[in-house]
Structure formats: C-alpha cells, structure tokens
Amino acid sequence: MSEGEIVQVIGPVVDVKFPIDKNLPDINNALRVIKSEDESIVLEVTLELGDGVLRTIAMESTDGLRRGMKVEDTGAPISVPVGEDTLGRVFNVLGQPIDGGPAFPKDHPREGIHKEAPKYEDLTTSREILETGIKVIDLLEPYVRGGKVGLFGGAGVGKTTIIQELIHNIAQEHGGISVFTGVGERTREGNDLYFEMKASGVLSKTAMVFGQMNEPPGARMRVALTGLTLAEYFRDVEGQDVLLFIDNIFRFTQAGSEVSALLGRMPSAVGYQPTLATEMGQLQERITSTKKGSITSIQAVYVPADDYTDPAPSTTFAYLDATTNLERSLVEQGIYPAVDPLESSSSALDPEVVGQEHYEVATRVQHVLQRYHELQDIISVLGMDELSDEEKLIVARARKVQFFLSQNFFVAEQFTGVPGSYVPIKETIKGFKLILDGHLDDLPEDAFRGVGPIEDVLKKAQEMGVTPSDPEAKALLEK
C-alpha cells in the first residue's frame, strides 16, 4: 500500500505527492490522512497533476491538516456497509453510523460507492402506477413504480414536506424498503424525519444517509452515491423493490460546483462545473429498474430564484418520468400542496396506463383550469360581471377544482392541528367527476379547501349549514 504526503491544502481540496517509482493510487480511490492514533480523514482522488502529485477532495473538514502529513492509499474507493443490518440505521457519506448505535464489524459486507450503471439488456420498464394518496399527484401526474420523479420548486414552497408525506404514505401502504438520502439540506429536517419515522414504525424498513448543509462539499457530492449504493444492493442482491428518496438533488450539483474551480476546471454556464451533465448522468443512470428488482426514485430539486432555465434543474429534467412543479403563487393563496396542475406532467398519464376514465377526468380538470387561467385577465380588469353565464360556471367549477386539489398532510398535523388524509385513486377520480359534472355546484367554495375525499366536502358544507340539492350528492351524504 503506497504512502504519500500532503503538499498543499486549499479549503476542501488537498494535493498529495506520492513517490513516482511506486504505483499511484487510481482515480476515485480513498486515501487516509492519519491525524492521530484514533483520528483520520478520508480524501478521494480526483485528478492527476503529474510528477506524482494527486489532487483530492476531502470528505471531512480539513481543519488541522498541514503540509508534510502522511497519507496512505486504501487501495479501493470509499465503501459502505450494505444489507439488512443497515435498515433502521443512519449513516454519513463514509458509511459510518451517526445515530449513536453500534459500529459495524470489519468483516461486514461492504460495497464501493463508484459503480457502472446496469447494462442495457438487464433493464426493464414497468407501467404500474404507484399510488401516493395525494390527490393532485395521483390524478394529474401519476408516479410509475420503478420510475424517476422530480419535485421542483424554489425556496420554502414545500418540497421536503411532500417528500416526508410520500415517505409516510408509501412506506406504510407499500411496506417495502426505503432509502432516504439527505444531500446538503437542513439538519433539523433530517432530525425531525428520523424521530417521526421512529414513532410511526417505518424506520425498521428504512436506511438513512445524511450529508447535510454544514458538511464539506466533498461529502455533499458523494452522499447521493452512498445512498444509491445501499439501494442498489437491495435491488440487485435481494431482488427487492426499493424506494429511494433524495432531498435535494440540486445540492449535489451545487457541491460539485463549489469544488470545480478549486480543482482547476474552467466554469461553464452560470458558473456551474463543465462536467455537470456527466456527473448528473453517472448518478441518474444507476437509478433504474432491472430484471432483478426496481428502484423508484423521488428527488426534490431546488430551483434557484424560481428560474427553471437554470442549468441545474434543466439538466435533471431529462431523466425524469414525472415532474411535480411547486408554484409560489399557490402558496400565497394558501393552497397546499402548492402543486401547479398545468405545469406538472407524467409520461404515465395515458389511457393505456391509467385507464380511460382516469385519463378523461384528468384532461377535463386541466382543461377547466386552463380556461380559468385565460379568464383571469378579464376578471382582474373588468370583473366577474362581464363574463357570460357559461364562463361564470367554468370559473366557479375551476375554483372548486383548485381548492379540492389541496389536502391536509399527516406530517403537517403537528403544525396545522388538522388530521391528514390518504385518498385512494378511485375516490379521487369520483370526487373530481362529481365537481366537473355539476353535482356540487350549490356548495360553497370553502367546503372544498384542505379536505380528503369528496365525502369530507359534503360534511364540511353541512357544518356550514348548506345541504346539496343534487340527488347524487344527497345519496353520498346519506351513505
């Protein structure tokens, strides 16, 4: 095992010189700097500068490192523990437990975090819908089991809340194995999620990996690969269907951008690293379904300054089967989840996949919301009185549809005091069909806000002193 020494430290980037007559460590190999008997720092080889000098990225803080310190080559990339024993545990980028639990023995199976994507002939595709219990998602941008989903939105519009709700709903209903990867997000949110999952009994089926905001960029760059390696083991070796949650994929790009200039690369568009597309491709191509098992990936994507043309979110778009776009204007109206029903999309919204009735109701919902969107300019200038009776009816139904797309979340119950609701797809379709067919025209708009199935609307309206006159709505209420 070759040994070198530190010749330069620039923030998270460390240059290490090895003797030229010995074999140099390979790119992506892990190096270990021995600070003291019980303390060491892991570096990852990124570039060869010539004359035996390697440029590396530190996975931990470089405080206390100095020139001349000894560095040893581990002879392999960073490796992390895998298998059933990782469930219910919390790890850092190096696969070290950070939950206060026991460390893994040295002979425990481990896998390197750098791997090739599965071969083309091993891939498989599924057209099975993954029910989430969230009305706006299930109706307008259904998620595919074994597919990739992106939750796009600016700061503070509810990406993490939706991810947490999806973990709550899918992990409890689907009951499979989940891997949660926190990439460069708030430690508080990770802490809340850990205790929530522990309380709800979901933690025993979940492995968690964190490289949060306070970590050096090296850890934030590689932690997504650590989480993915755990998920790949469950898929390839145990043949499981795995859910992989990544919050937030933008921070993966941002960390790469932070170290890119220090590595000596010329910045590309908007100051991002020139290798942005390659890095994103290497990660996303590994998140896929094979003949052995599947990985369903749900990724939160921060949109800087709400600009969807920014290279980081736009590079991610290319890999996704469904996109859920969160809109700040809906947050301002108090509509949660603030999903834009016209901008969000899914490749699965097809009559051959979701069925004819689902497809027709979804397109009618989009049509009525689009028409309302077009009429808003007239309403803001001339008022409602200038609309025809037919247009007034469209506006009234569209507003009810818009409010009915909102929903109370289980994970937000501690803040709102209102219990959450899980709505099956059949119930969602039935509810929107009743609104669009005019069966609930005489109910007040407020009855549709923040409710679960359509029965909740009827109960809420009754509490407001309004009973529907429509026979179909009455029959539902009596049930």
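Positions of Cβ are set from backbone N, Cα and C atoms, glycine also.
Per Swiss-Prot, the features are:
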{"type": "BINDING", "residues": "Gly153, Gly154, Ala155, Gly156, Val157, Gly158, Lys159, Thr160", "note": "ATP binding site"}
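Recorded features from Swiss-Prot, shown on the structure.
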residue: Gly153; record: ATP binding site; contacts (Cβ under 8 Å, 6+ apart): Lys159, Ala300, Val301, Tyr302, Val303, Asn325, Leu326, Glu327, Arg328, Ala338
residue: Gly154; record: ATP binding site; contacts (Cβ under 8 Å, 6+ apart): Tyr302, Val303, Pro304, Ala305, Asp306, Leu326, Arg328
residue: Ala155; record: ATP binding site; contacts (Cβ under 8 Å, 6+ apart): Tyr302
residue: Gly156; record: ATP binding site; contacts (Cβ under 8 Å, 6+ apart): Val331
residue: Val157; record: ATP binding site; contacts (Cβ under 8 Å, 6+ apart): Leu326, Glu327, Arg328, Val331, Ala338
residue: Gly158; record: ATP binding site; contacts (Cβ under 8 Å, 6+ apart): Leu326, Val331, Tyr336, Pro337, Ala338
residue: Thr160; record: ATP binding site; contacts (Cβ under 8 Å, 6+ apart): Glu185, Glu189, Asp247, Asn248, Ala300
Conformational class of Gly153 (ATP binding site) under the three-state DSSP mapping: strand
Cβ within 8 Å of the mean position of the Cβ atoms of Gly153, Gly154, Ala155, Gly156, Val157, Gly158, Lys159, Thr160: remaining residues of the chain near ATP: Tyr302, Leu326
Number of other Cβ atoms within 10 Å of the Cβ of Lys159 (ATP binding site) across all protein chains: 27
